[in-house]
Amino acid sequence: MVKSDQPPPKLSKEKNQHIQVFVRVRPLSVQDKQKPYSNVIECPSSREVSVKEKASSLTSKTFSFDRVFNTQSKQIDVYRTVVNPLIEEVLAGYNCTVFAYGQTGTGKTYTMEGERSADPSITWENDPQCGIIPRTLSHLFDTLKEEGVEFTVRVSFLEIYNEELIDLLSSNDDATKIRIFEDVTKKGSVILQGLEEITVHDKNDVYQILTKGSMKRQTAATLMNAHSSRSHTVFSITIHIKENLVGGDELLKTGKLNLVDLAGSENIGRSGAVDRRAREAGNINQSLLTLGRVITALVERTPHVPYRESKLTRILQDSLGGRTKTCFIATISPISANLEETLSTLDYAHRAKNITNRPEINQKLTKKELLKVSGFFVISTNICVFEFLIAVISHSLLLPFLIFFLS
């Protein structure tokens, strides 16, 4: 394993921040070993990756990133470097986003969700194959309980499939149409009406939640992967923390972490997709192409950024040039057969390095301010149940805050 010659990167405290970009090279797969292959990837340092421009070429193209994880890297290495610094930011009241981008079969979903070891004696918390999502929830619960604060943790799991929004955690069999509205209180942010949020009471609920969501996710076999993701997913974790102030008032602090698993970035011909699958790939490519155009527009500082040209970029607008702290994990294959997609992924990721965000902490609200925002004002929490229900119906988006604060 290449040892790090630099300490793990820390998120800047400056007002303007570049998106942090990481690269993960997956190990050889069983499928790779079943046919002749040559390795076209080298990692000369912990921040560089070199790619042979042709399988037989002696010349290489070298890219620099915030960190490069070689084929020997472990799940815990990725988590500690990429996500660990974000936990502190989320608990401080920031919104953060982690994207996983790359060709099908390079380990995006493995990086985000992980797998369960076959050994039944290994608990999920000690499982080396555990991915970013379960590690994040475990870390958050442990930290919040250590701090001894009152808190709630709520999660949602959204799929974007053929430009349709699907709630992967919905308790209703009849799919409720999810609608996108502009958040008038935060420029560049959106509200997803109809997306169900589930309160998580214990970190051990994480795999039940992931299993429920994954069973609904659109998958199909392609030449690139026997069980290929045909959609993008956004797993969101929202934290509400109640703080007691001097004088008896209470403060509500909110932070959010979006964990985004993008669909495979390969072209239609290489994927082997046909008919309906080819049309799916076209829609996937459309949203990823729009993401690419958004990145280009932000880097070149053009007056118009095409966020609205896809659901993916509209929903995640605040993560790209907005008020969110954002990280980008590009996953690549080491073999020559995938050279074209590997170079494309690295070029894409290298451009993303130049996007500048302006992270802002979420506004902290006192109980009185929260009740004012919700459309009614009371000095005491002993309000009429009818008044409370009317307020909740009128301002359903504030339901998590109100239930938490008035409990």
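Glycine is treated like the rest: Cβ placed from N, Cα and C.
Copied over from TrEMBL, here are the features:
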DOMAIN    18-355  domain 'Kinesin motor'
BINDING   Gly102, Gln103, Thr104, Gly105, Thr106, Gly107, Lys108, Thr109  ATP binding site
TRANSMEM  388-406  transmembrane segment
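Projection of TrEMBL feature records onto the structure.
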residue: Gly102; record: ATP binding site; contacts (Cβ under 8 Å, 6+ apart): Lys108, Leu262, Gly264, Ser265, Ala330, Thr331, Ile332, Glu341, Thr345
residue: Thr106; record: ATP binding site; contacts (Cβ under 8 Å, 6+ apart): Arg24, Arg26, Thr331, Ile332, Ser333, Asn338, Thr345
residue: Gly107; record: ATP binding site; contacts (Cβ under 8 Å, 6+ apart): Arg24, Arg26, Thr331
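For the binding-site residues Thr104, Thr109, the ranking by surrounding Cβ atoms (within 10 Å, all protein chains) places Thr104 first. Secondary structure from DSSP puts Lys108 (ATP binding site) in a helix. Gly105 (ATP binding site): 27 other CB atoms within 10 A of its CB, across all protein chains.
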